[in-house]
Amino acid sequence: MSITSICCIGAGYVGGPTMAVIAHKCPHIKVTVVDLNEERIARWNDPNVENIPVYEPGLSEIVAQARGKNLFFSTQVDEAIDEAQMIFISVNTPTKTYGAGKGMAADLKYIELCARQIARVATTDKIVVEKSTLPVRTAEAIKNILDNTGNGVQFQILSNPEFLAEGTAVEDLLAPDRVLIGGGTDEAGQIAIKKLVEVYANWVPSHQILTTNLWSSELSKLTANAFLAQRVSSINAISELCEKTGANVNEVAKAIGMDSRIGPKFLKASVGFGGSCFQKDILNLVYIAKSFGLQEVADYWEQVIIMNDHQKNRFARKIVSTLYNTVSGKKITFLGWAFKKDTNDTRESAAIYVADDLLNEQAQIAVYDPKVSARQIQSDLNYLETRLPEENDKAIESCNDPYEACKNAHAIAILTEWDEFKSYDWQRIYDAMLKPAFVFDGRNLLDADKMKEIGFLYQGIGS
Ligand code: NAD
Ligand code: UDX
């Protein structure tokens with residue numbers, strides 16, 4: 001029997017877009033996305049589809065088409081679990097902030113709560129799919145909870161990690177490089193795998209649907225993110241060397257990326273990677289390696305994070321040293337706060353850490369980001385607990401207009417590579433700034449020669 005009813009626990013950046021695309025591509029499957037967060041669900045159900053809580057190009061159109069037909073958003077978690085044949089767990093798995101493994105291990109409390117809730121509620125057999133990114137062997141723990149606290153129904157656990165990147169989530173979901181499904185090697189496990197393969201086969205070519213054992217699938221997700229982040233830290237390490245030697249990191253990246261063994265992607269030097277995944281997943285990998293006594297393996301991957309912290313920190317230090325070793329009382333404008341373009345997500349954004357460093361130097365920061373709210377910016381800074389919320393409030397202002405944000409600034413720092421920054425009237429911005437007018441381009445987004453022609457003292461990354 002094919003799957004006709006799916007529930008997804010967690011209506012976040014993964015659960016929302018992933019389920020919207022499944023509903024869109026599988027009109028015969030009823031998809032219900034549930035979450036404890038009432039405000040989030042209310043926004044997914046907002047009659048004005050532009051108000052959905054996740055900004056992703058193309059997402060509101062897909063939600064508008066499927067919502068109310070075979071795509072539903074609800075806070076009624078128990079009912080949705082009971083009704084579904086297949087349950088995706090897509091809740092957050094942040095880095096632990098307490099106890100053993102604090103600052104490294106993944107906090108699995110939300111996962112465990114889901115497993116216990118499924119076990120309590122389920123009255124028919126279920127396939128439970130790990131969509132969240134999890135440490136290798138988590139499926140074993142989930143299975144133990146389900147089998148020991150359930151109502152005697154049969155559970156199959158699958159691992160189906162999500163590889164979408166924010167900002168291109170819809171594109172990535174519609175045409176994934178591959179879909180990975182891990183499951184049990186026994187007959188029941190293979191039947192469960194087949195049912196999930198059938199769901200994806202509605203739009204993904206079968207040769208791109210890869211099936212493995214559970215542990216390979218769980219570990220592949222952490223490994224993929226570690227490899228991607230490692231490329232960014234590698235090119236960022238070279239960017240610092242470029243700045244000392246007269247080499248240009250864009251030229252180096254192009255030259256090495258044309259080697260088909262290396263490839264051109266993920267070689268863009270930047271102010272440092274951000275996002276909810278890279279740091280968390282590498283820390284988790286490091287923790288797992290350490291817990292198996294593999295110190296060299298742990299140290300190897302930890303260096304990717306150390307390099308990234310260094311890159312963010314040295315960007316802030318460069319601003320201070322260039323501005324005659326003091327930014328106290330000086331207005332510095334941030335263009336961009338999101339961790340990359342085309343998303344409203346700010347988790348672990350480099351902007352937060354650069355701002356924190358500059359606020360320690362008593363800078364006055366003005367921020368313009370096309371998709372991030374003032375409230376979010378304040379909450380990101382307050383979360384660091386470096387200073388009192390009132391102090392953050394005084395030292396940072398959020399602007400609705402980029403030209404207003406840049407007025408009377410000593411320097412502009414580009415933190416996110418939003419396309420619109422390229423088409424600004426940079427002469428107008430220059431005219432309204434204090435002189436000398438500095439631009440620190442943390443994304444190598446702007447044309448260096450044109451900026452210098454206008455009169456800016458322009459510095460990119462790695463040149
Ligand atoms: P998120 O924080 O945006 O969403 C998680 C949602 O789960 C929240 O809305 C939260 O309220 C809800 N939730 C938590 N516990 C719950 C419970 N017991 N019952 C109901 N709802 C509950 O997180 P996200 O970015 O969507 O990430 C989810 C998972 O996917 C993580 O494991 C992450 O590592 C992984 N992942 C994320 C991305 C990404 O780009 N964001 C990509 C691939 C994988
Ligand atoms: C990442 C993975 O790409 C995705 O497969 C996984 O499912 C979730 O984690 P995401 O964090 O959404 O996706 O965005 P990604 O495009 O990977 O960018 C991560 C960070 O690296 C961003 O801050 C980005 O600006 C930065 N980056 C990326 C660079 O600085 N240079 C690059 O060349 C690429």
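Each Cβ is built from the backbone N, Cα and C atoms, and glycine gets one as well.
Here's what TrEMBL has on this protein:
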type	residues	note
ACT_SITE	Cys277	active site, nucleophile
BINDING	10-15, Asp35, Arg40, 91-95, 132-133, Glu166, 277-280, Arg347	NAD(+) binding site
BINDING	162-166, 221-225, Arg261, 268-274, 339-340, Arg443	substrate binding site
DOMAIN	333-448	domain 'UDP-glucose/GDP-mannose dehydrogenase C-terminal'
Next on the checklist: Among all protein chains shown, how many Cβ atoms are found within 10 Å of the Cβ of Gln279 (NAD(+) binding site), not counting that one?
Outcome noted: 21
Next on the checklist: Between Asp35 (NAD(+) binding site) and Glu162 (substrate binding site), how many Å separate their Cα atoms?
Outcome noted: 18
Checklist entry - Who sits close to Cys277 (active site, nucleophile): which same-chain residues at least 6 apart have their Cβ under 8 Å from its Cβ? => result Thr133, Asn225
Checklist outcome for this item: For the binding-site residues Asn92, Thr95, Asn225, the largest set of other C-beta atoms within 10 Å encircles the C-beta of Asn225
Checklist entry - Quick one: which of the binding-site residues (Asn92, Asn225, Gln279, Phe339) have their CB closer than 6 Å to ligand 1? => result Asn92
Next on the checklist: Limited to the domain 'UDP-glucose/GDP-mannose dehydrogenase C-terminal' (333-448), I'd like the whole-number average of pLDDT.
Outcome noted: 98
Checklist entry - Distance between Ala269 (substrate binding site) and Gln279 (NAD(+) binding site) at the Cα atoms, whole Å? => result 17
Checklist entry - Reported as an integer number of Å, what is the Cα distance between Gln279 (NAD(+) binding site) and Phe339 (substrate binding site)? => result 12
Checklist outcome for this item: Within 10 A of the CB of Tyr13 (NAD(+) binding site), the number of other CB atoms across every chain shown is 25
Checklist entry - So, by DSSP, how many helix, strand and coil residues make up the domain 'UDP-glucose/GDP-mannose dehydrogenase C-terminal' (333-448)? => result 46 helix, 19 strand, 51 coil
Checklist entry - Distance between Thr95 (NAD(+) binding site) and Phe339 (substrate binding site) at the Cα atoms, whole Å? => result 18
Checklist outcome for this item: Filtered by Cβ distance under 6 Å to ligand 2, the binding-site residues Gly10, Leu222, Gly272, Gln279, Phe339 reduce to Phe339
Checklist entry - For Gly272 (substrate binding site), which of the binding-site residues Gly10, Tyr13, Asn92, Glu166 has the nearest Cα in space? => result Glu166
